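Per TrEMBL, the features are:
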{"type": "ACT_SITE", "residues": "HIS121", "note": "active site, pros-phosphohistidine intermediate"}
{"type": "BINDING", "residues": "LYS15, PHE63, ARG91, THR97, ARG108, ASN118", "note": "ATP binding site"}
{"type": "DOMAIN", "residues": "7-144", "note": "domain 'Nucleoside diphosphate kinase-like'"}
Amino acid sequence: LAGTGDMERTFIAVKPDGVQRGLCGEIIKRLEQRGFHLVAAKFLQASEDHMKQHYLDLKDMPFYGGLCKYMSSGPVFAMVWEGQNIVKLVRMMLGETNPADSKPGSIRGDLCINIGRNIIHGSDTLENAKKEVGLWFKPEEFVNYTSCFQPYLYE
Ligand code: IDP
Ligand code: MG
């Protein structure tokens with residue numbers, strides 16, 4: 001986006017529990033209302049191998065196998081959003097990994113209860129965001145367009 005130096009992209013996915021519970025719209029609404037800019041999206045069922053790759057950093061955790069199975073058991077809504085400082089801001093919007101520790105007002109604090117069913121993924125660092133965006137999306141899947149809100153969101 002013109003006139004703004006620190007634009008970032010982050011990878012966000014509504015997990016199978018969030019899709020089943022009909023929360024895609026609510027999650028997209030919150031990201032839109034914050035002012036973030038959607039640049040890619042797709043609705044798919046990921047393979048277990050794909051989820052193992054996505055969660056590779058957690059391969060030694062006891063819940064890794066179950067997590068990857070669960071994440072590939074049903075549809076996910078995968079998206080890339082853009083905005084200034086978006087990686088950190090989205091992590092704040094998500095709340096904590098455990099919904100029980102997430103403040104009201106956050107997505108997990110408002111919409112879910114259990115750590116294994118916490119409805120949404122968001123990249124935790126800019127470096128991981130770049131990896132995840134590349135793992136989930138091909139270059140031709142991005143849409144380039146200018147948001148008419150841009151001069152009212154950024155100085
Ligand atoms: P994050 O999603 O907040 O980044 P991570 O630590 O990266 O959290 O863990 C990835 C996902 O693994 C979590 O969102 C959650 O679904 C699951 N998870 C994390 N810790 C546990 C656990 O202790 N038990 C079961 N599932 C867990
Ligand atoms: Mg994580």
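Going from the start of the chain as shown, residues are counted 1 onward.
Just so you know, glycine gets a Cβ as well, placed from its N, Cα and C.
From a predicted model like this one, the values you see are computed outputs, not experimental measurements.
Structure with TrEMBL features highlighted.
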| residue | record | CB count, 10 Å |
| --- | --- | --- |
| LYS15 | ATP binding site | 23 |
| PHE63 | ATP binding site | 12 |
| ARG91 | ATP binding site | 16 |
| THR97 | ATP binding site | 12 |
| ARG108 | ATP binding site | 22 |
| ASN118 | ATP binding site | 23 |
| HIS121 | active site, pros-phosphohistidine intermediate | 19 |
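Separating the Cα atoms of HIS121 (active site, pros-phosphohistidine intermediate) and PHE63 (ATP binding site) is a whole-number distance of 16 Å. Taking every pair among LYS15, PHE63, ARG91, THR97, ARG108, ASN118, the residues listed as contacting ATP, the largest Cα to Cα separation comes to 21 Å. Among the binding-site residues PHE63, ARG91, ARG108, ASN118, the ones whose Cβ sits under 6 Å from an atom of ligand 1 are, in sequence order, PHE63, ASN118. Summed and averaged per residue, pLDDT over the domain 'Nucleoside diphosphate kinase-like' (7-144) gives 98. For the recorded site, ASN118 (ATP binding site), the DSSP three-state label reads coil.
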